[in-house]
Amino acid sequence: MDPFTQHMLEKAEQRSRALGISNASKFPLVECSVPSSSATSASGGDAGVLAPRSRSPGGQSAASGGGKVVTLGKATLEASPAKPLRHYTAVNKENLDMGIEINITTDKPIGVQVEIQEQEVTDDEEQAEGGALNPLLEAEPVNQPLARLRDTSRSRLQRMGALYSNTDDLSSPIHRTEGQFHVTTGEEEDCGNRSSRQPKQRLGKLAALADTINQWEDDTSHHEVHRLLEAPPPKPHLSSRRAEKGPAPLPPKKDEVDEASRTKQLKWDPKVLSSLEAQGFQRRESSTIKHTYDYAKQEEAAPASKVEDAVLTAKPPVPQKSTTVSQVAKNFASSAPAPKPAPAPAVSVKSGLVSGRAALFENKGTGGQSQGLRNQKDPCELSLKERMKLFETGNNKAMLPMAPIGSAPSITQIRAEEVKQHLAAMHPVTAAAATTVVAATKPKQENKLRDKVAALVANAQSSAETRIKDIDRQRQEDMQIISNRFNKQKELFDNQPSDSSVAAQARPPAPAPSRVVRPMPPPPPPPIAALSPGLASSKRRSPGDAPTTDEDSKRARKSHSDRLYPALSDLDSSGDNCCAAETASATDDSHQQDEEETESCMDESDDQSQTEDSSAGMCNGSLGREIMSAVQRNEVEMQQQQTGKKTVRYADQDMYYDDSSLNSSQVSAGIDDYLDEALVEDYGSTQDDQSDSGDEQNASRLSLGSKGTTASNSFSFRKNPASICTPIEEHHEMEMDLQTPLLSGAQPVKSELSVNQDNDNLVTLVHTVSFYRRQQSANSSNSTPVRKICREQQVMRSALAGDCHAKHRLEYDSPQQSDYVAAATDIADQTDEDDEEMQNAREVNDASQAQDKIKKLLSEVCKQQQVIGQASQALNLCAATVEFSGSTESVEGERYLLLATHRRQACLDEVQRLRVENSIRPVGAPKEKGLLTVKDITIPLRQEYVRKMASNNINGHHLVCLLKYNEHVLATKTVPTMPGLLSVKFPDVLQLNNVYADFRITLEIYGMLAQRDQLPHELKYHINLNKKGGIKTPKKKGGENRLVMPPVQSPAGPHVVRTPQLVQYGFAIFSLREIQRTTWTLTQVLGVSPLEGVVHMKVNCELSVSVEYKGFLTMFEDISGFGAWHRRWCYLNGSVINYWKYPDDEKRKTPMGSIDLNSCTSQKVTTAPRDICARLNTMLLECERPALETDQESLIIVPNGRTTTVRHLLSADTKEEREEWCAYLNKALTLLRAWGTTH
């Protein structure tokens, strides 16, 4: 053997020891195990093969389970220098005279000593050595010549491949699933210590360093930390394992197991035990300690004896809960020794050996295949991604559900799986520890299983009976509604038998006494499918169906194991299957159902509501046939009484509910088409087809988001060429409901079916069930009127009352038209959703701004109240003195009091509006603000008043003007009327900022009578001009009060709040449309007024924010009849577009030309028509000006009599620039038309 191979074998041996794998070279194969006596009588040549393979330089010992001890002792032996002995020890010592002596000792007084001396290794001996190293070698008794005929290189490579393999069957170094956790005895440890203390020569240090590095590579101290899933069972006190141990000993032979033989006390590491128990391993009492895994698989009958003792792989499936775990824990915790059972005749496979792993791998081909299938989860429990992963991983077969999708599995199926899990978990434990015989007959197990299932069903009867009573009561109420609906038709057209006779006529035969008897309505057939073979033969069944209990009759049958989707024959046609399907759908996809439907567990009321809505569901019983005959006689009149549908779309989820008048003619017209087609169908008996169609009509109500599918044997629909069929996406439900209803041309046809010749000519569906469901749900709208609730942007009722978009209005159309309207609404659904989110954000922002504004207004109200108080005090003072009574100071005080009073009231009105509307601006109001200026207010006076003023008959009036806009109130100065003046002119200029384009401003005129000043100014304020200088010394007595107080004061005191004495003479209201006027008519308030009744003023409105945009445009110019394009730098500012040749010329030169948008007649700036200009990205602006004599018609000049239209062609460089220019130009035109020309 070359040094490289020798080094690799030694390293592999060290790796196996560090990983806790038993030394497979010392283990014979289990199927070829021989008694120990045959091993002791081995020949010298065989022993010589084993001798150099000893790992330790010193003697080593290994202990077996039966108490046999094999001792390898060292003996000196002379060797000639010409033939050096080959050493395969850890330390390679050269030219060392050494021999090997093997002492084999057993508990019996028998000892055999074999001496092996040095000899030349021949090819035959090398082959024998390779046979000893190969773990997969079928080691027959030692004298068998096959052991020496193996190929040396193949055996070594196989062993190295087994140790370095990364297969799933190989034991994990962390989990330590090997069963050989034996501890070396003190003698072996002492022997190992003696060998380690021997001095090492030459390469000793290097070998020690290499061994340390190898230990680094195979360090197993970093174990995974597993959290305990459940409390570990009580375990006996076991001493921890020793850190240093020798190689695993030889396993015991089953022929040598003796009750009198002693087994060494095993020492376990508590961490290892807790880790194993957390992974699902269980403790058991047996002659050889093994760890079994709690599998939830059904054990096969044939390989049961082999799998019973086999150690499972390191990657087991997820353990399931078993009822035998606590029992095993109790048995293991009991310290009383249990009698050991007789060993099974089957050969056990030892763990840790490659041969054992190969045996497990071979077993997978037979029984393991069926067990692997049972380990899979039900597809209905998986998510969409997990089911997609099934097809991506390349498995041969898809997982199949326990029951058809949309229905829950029956109680027998669930309990059968649990019982199988119990048997699978109990099997490896009871086979080795229990004293009873494991091989029991299968009928007895089935009897026990039936007893358990019966007990479980009996416990559930109490709760099921209450549900059944509620279901029956709901069924009776629903069927009463259906019968009343058609009774009205019978009374109108024909005298038909009463519903009571019909119901009595259609009542099914009484069920057998073994079943639970309860009253059943006619449409769903009673669940008597499993009573008699005669009745069962008329129903389509899956091949493996068996008679079931009452609870099981509500479940759909399990589909075939070779198909992913169920076939037509897999579903039972009993009416209760529909209920079970609805139960599964309501629990899985509750967001797609009504809240009332999802509140109950069994949801029978939902089933009946669907039966009411479904036309096919009404035909299940004899009542359905009676209805059929009634609606066929009145077919012509019922088709004429079609009612429209109301389409409103504003829901958050794309859910569809039924709503409109439950007109029987509308329902009957759709039922008639279904029934006529159903009578022509040749699926078999009419009753079977009606039952199946009822099942599928109920199943068609399953939500689109359901992950499962069920078989469909009802109708599929062939659309007209004009209609469009778009599949409904499950997640982003942007469906196009363009399917024409059945009344408008689409006719039901046979379902497209395919016959599976390989599986008993079984009829299967071409498409998935979801495809047929979508077709049914789209075309069953005529059976019951449907109200489609669609998501729509929330708009205020005030906007709905006005002229809104078509999609904001309620439309009452025919079913076909409403489908197209709904489809058009679906297209803009995503946009509406985004608009709704943006509008919600704007509403929240407006609400917060409104609250902030309310706070500011309330603070302004407080300020104005203070002004009112101060003005009232001033007026009280003026009224209390003779000097200031009726003076100009009192008039100014009246003005301040008037202004503060109106400002306070305006703020309170605005606060009230904000609290009601909760927004600063109403929805749809313009956002542009401007500056409003009012000046030169002139009020003409009446001629009679002017004459009286000239004759000094009256004293005149004081006038003041108030300009009011929302919470803003402005006031002019008080101006008196003077003799000889025909009008009163106010010199003030009033400006209102942040005025919106929809403003309505009120101009109010107030006045009061004037009084002549009785005292001059000096006397009024007691100004003494005749005194020379001031008094040197003050007077002894206080200065006399020269202000004469009137004898009568205000009864409320000097601090009372006064009402303004200024009264309103008239008012005028103007808006943006009247700003070009200069004269407004006043609305007179009082009968006697000095005003003539009109007011003259100048009003100017200016946009506070002007539109500005700059960029290059290529402009078309007509030069002597020829067109030319010139590139210009254009600048839009307000209502004028100026252009230069270069951008730098904008600040230095005057514009080369300009375009005034005030004269633009284009309603909207868009792309120029191709008959005028075919250049890309060209905009057209048409302006109008007075006609000139030199105007000649051309491409850009169009004479129109007195006016001439001038076309401006402006070409942008890119499409984006053209769109930006169009947006800014249109905005400028809109503002100009709203605010008018700036003055």
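Note that the numbers count up from 1, one per residue, in the order the chain is shown.
Cβ coordinates come from backbone N, Cα and C, glycine included.
The phosphothreonine entry in Swiss-Prot, when matched to the candidates T185, T587, T831, T1204, corresponds to T831. In Swiss-Prot, the coiled coil annotation falls on 834-861 of the listed ranges 106-133, 134-161, 638-665, 834-861. Looking up S261, S754, S885 in Swiss-Prot shows the phosphoserine annotation sitting on S754.
The DSSP breakdown of the domain 'PH' (1106-1230) into helical (H, G, I), extended (E, B) and coil residues amounts to 23 helix, 57 strand, 45 coil. Here the domain 'PH' (1106-1230) has a mean pLDDT of 93 out of 100.
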